[in-house]
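What TrEMBL says about this protein:
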| type | residues | note |
| --- | --- | --- |
| TRANSMEM | 12-32 | transmembrane segment |
| TRANSMEM | 39-59 | transmembrane segment |
| TRANSMEM | 65-87 | transmembrane segment |
| TRANSMEM | 99-119 | transmembrane segment |
| TRANSMEM | 131-149 | transmembrane segment |
| TRANSMEM | 156-177 | transmembrane segment |
| TRANSMEM | 189-213 | transmembrane segment |
| TRANSMEM | 284-301 | transmembrane segment |
| TRANSMEM | 336-364 | transmembrane segment |
Amino acid sequence: VILADGGFDFGGVFTATALATALACFIAAFYAKTWPVGLAPGMGINAFIAYGVCLGMNYTPAEALGAVLVAGVVFLIISLTPIRAWLINSIPKSLKLGIGAGIGLFLAIIGFEIMGLTSDHPVTLVTLGNLSNPLTLLGAGAFISMIVMEKMKIKGNIIIGIIAFSIIAWITGLGQFNGVVSAPPAMTHLFAFDLGAALSASMVTVIFTLFFIDFFDTAGTLTSVANVAGKIGKDGKIQDIDKAMLSDSASTVVGAVLGTSTVTTYVESAAGVKAGGRTGMTSLVIGLLFLLCLFFAPLATSLPKEIDGAALIYIATLFVRNIVDIEWDDIAESGPAVLAMIAMPFTYSISHGIALAFISYAAIKICTGKTNVSPAIWV
């Protein structure tokens, strides 16, 4: 649904997403056999591609898919080399957390626009939207329900909230119900990437952003899952993380070829671990279930966009939560992190936020006499 807003064909993306998710889970199941994880195109990256790359930068879906493919290949190559460990350890923790939170705020402002909570204003740029719109109120209800269900520790709160409030929209006539089951839509974006455009100099920041999000999001997610699954050894090293990273990077390449956005390991995998998942069998089951989803395209087209916006705002809260771990007592660390958080939504660009954070971090360290800045920051 989100990618369709950026000019992608809904049916083609729907089929590509289901197939890419299934294949990614199968790769994890048979290669990273000890990892009980689910992989799928990331919601945050979907929003970045649709609203940041296609609508914000005026790139076509084919050019965006080309950037996804290049970023995936870069991730795959790095996963095969010692650079992987160097990169994970070289980006300051404060910047990782600040950039993650900034992406969350970027998603939040998009969610507000989709829900109709904000609208354009000639003087103040944005203002409060039309709160008398029933669909906007329905979206607000969906968001509140997701928060309440999380507080009550109800699993699957996002999908439950989306479906429940979509049903309310259909019953009240606020939304259009298009059916449940049909044959899978045609794969209109298969091999549709524009590699030539993706390799142009103007796409460097897009590719870097896609790689950065996927690489560090995957590293963070795998660390979280490893904690829950008891896969961290006494030496602090995570067992078989190289295989998990390779599975993730290879899946992004597969996804771009099929016609969908960056495939990443989902943090919700921890829920599967808590439910008893311990091996690749968990990934295999997830993949099989996504193959079944191929036949439910009409149901997906029936979801009101305002409720999708509510889901985006909820996802934004997940991104922002980790800012408590920023070193707030050290302004040299927290300052650039906050700059990243502010810049992304206000410039409507994740890549600009990352650039400003890196530049300011290096400048502050030099001006305060600290020259031990990682080379990765300068790159």
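From the backbone N, Cα and C atoms, a Cβ is placed for every residue, glycine too.
Since the structure is predicted, the reported quantities are computational estimates derived from the model, not experimental observations.
Counting C-beta pairs under 8 angstroms (sequence separation of 6 or more), the transmembrane segment (284-301) fails to reach the transmembrane segment (99-119), with fewer than 3 such pairs. Long-range contacts of the transmembrane segment (12-32) within the same chain, counting only residues at least 6 positions beyond its ends with a Cβ under 8 Å from a Cβ of the stretch, are 3-4, 38-41, 184-190, 240, 243-244, 246-248, 250-251, 254-255, 258-260, 263, 265, 280-284, 286-288, 290-291, 293-294, 297, 300. Beyond its flanks by at least six residues, the transmembrane segment (131-149) meets 114-117, 157-158, 160-162, 164-165, 168-169, 172, 174-175, 304, 306-307, 309-311, 313-314, 317 of its own chain at Cβ-Cβ distances under 8 Å.
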